[in-house]
């Protein structure tokens, strides 16, 4: 099994990163370089999380071998060396090789490749690709130029920070500047920035994740929160449609002014390709190909303005598409949660859906997840399961907070992570060591990464599932992962006292900490910032528990879901009404489709039989008629059939209620024939101003 576990985890982590990227990204529409860059960043970060437990178990085995080699057989105590505590005699307690043992020399090379590749991605390549993807240039040269200009300040800041550390080391008379020390300074600067952000995200996730499961077990909580999301998403959806309309109006004007032989026509064609298909069909070229442009009597947009318009179109189309998909997903969630609320009082213990799933389910899932099992899970088991899971996660959070505040204490050892690992180290239970390390670092990663997936920065950074994340957000997430994962793992090794700078023992370090270098070059960071700054997680957890951040966002006008707030109640009621209208609309559509299906099944076959009999009894002499008469007869029958079909459609038209008004407007803004595209009419009442009328 030597090295086999490492190879299996490398393959498994690759497919895990590929699966998550497929869920959030769009392989068909997004650029290949964006997909490859994001996949590589996620893959390297996940590798660090999954491979680090193997490094810990291998290091413990190497420490045992080193202690056994330095111990004399007749004596029962070890020489002052790797272990400060007494070790048993090797003949009585031999060092067992772990099942996942990695041969010497592999892990240092592996960590160097993974770490420095991830650092190159996060500090150099991904920021450049981010600016390149957001650029509205029409050529590769133009996009590269824009990306370099945008990143000039970005890279200048890094050079300034690195220069400050460099001056500190150069001025200090007790330090001699060498290449290893320069490397350590760079690693310390990157880890310091990452640890600063890590504690902020960790303090939020340690409280919010257990609380989300506890609140999810409450009856009606998820449904109320879904109503709240529906009201906010409708406002965002209307805003996205208005922005798209404004962008398409500008494109229409540019398309009409710049003719086929204008030098900038290729730029306009590039912009048109980025527009939705329905807008392209509506506008077309919208010009006369035989009409030349006149430079003297017309005012044409510049290339710089077209670049700005191109960037605006890309952003507007992506945001509009994302809100449309999210709205449909939110509707399905709301309908399902309403079904759960209705089925809770069911006496038959059979889960009944209001609407059938549009996608056919797997037969295997249908067999086991039948209506009876679904009722017991959704109405009885799931709330209890969520409560138990919330309690377990809360215990993990308390352990993390306690260990973050006490991991610097070595005598006695107060960090619970260090206590558990040292107990397993005495018996060389490598399976337990790897499982404990993996669960601990996995929980820390979930708390940090889930916060990264949840945060949203003014629509510029937003990870949306169902392939709705844009290139800018994907690359930004890759940058965050590469910056957060190394300090996260270094912090975990400090919690378990596997880092010699924390345990203050002359023991063999892990291969991961060996590539970080000695932090004694920057003692104020190693002995100060790395130890005392993580204690701030206590303050952040308290602030998150009392929802101080949520209340501040509410005061600033960014509405958040709070049960004791009047604005939240108004938005919940508004969202409930929106869901009710959409539900009634879908019910009418399904009823209309059912009536059409019944009409075809009842009268479709009779009409085909009568037509077939009429053709059989037709006079054979009619076949000698001229082609003109044949065409005329066919035209008459076509008109008759069309008239009958129109009558049938009119009979099948759904009768709308008397109070029906908003649903008569169409979702497609292209049906307006005016020169200016009309904004979505039914969303005007849902504008952002209506939300704050009662304030």
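Just so you know, glycine gets a Cβ as well, placed from its N, Cα and C.
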Original post:
Can you check whether Swiss-Prot puts residue 498 on the same side of the membrane as residue 561?
Top reply: no
Original post:
From 135, 473, 633, 689, pick the one Swiss-Prot annotates as phosphoserine?
Top reply: 633
Original post:
Swiss-Prot annotates one residue of 78, 624, 642 as N-linked glycosylation site; which residue is it?
Top reply: 78
Original post:
Among 82-102, 187-207, where does Swiss-Prot put the label transmembrane segment?
Top reply: 187-207
Original post:
Restricting to the same chain and to residues at least six past its boundaries, which positions have a Cβ under 8 Å from a Cβ of the transmembrane segment (33-53)?
Top reply: 6, 9-10, 12-14, 16-18, 20-21, 25, 27, 110, 114-115, 117-118, 121-122, 125-126, 129, 133, 433-435, 437-438, 441-442, 445, 471, 474-475, 477-479, 481-482, 484-486, 489, 492-493, 510, 512
Original post:
Does the transmembrane segment (474-494) make contact with the transmembrane segment (187-207) through 3 or more Cβ pairs under 8 Å, each pair 6 or more apart in sequence?
Top reply: yes
Original post:
Average pLDDT across the topological domain 'Extracellular' (409-432)?
Top reply: 88
Original post:
Looking only at the topological domain 'Cytoplasmic' (22-32), what are its DSSP counts of helix, strand and coil residues?
Top reply: 4 helix, 0 strand, 7 coil
Subject >> Cβ pairs under 8 Å between the transmembrane segment (388-408) and the transmembrane segment (522-542), at least three >> reply: yes
**OP:** Count the residues of the topological domain 'Extracellular' (409-432) that DSSP assigns to helix (H, G, I), to strand (E, B) and to coil, and report the three numbers in that order.
**Re:** 15 helix, 0 strand, 9 coil
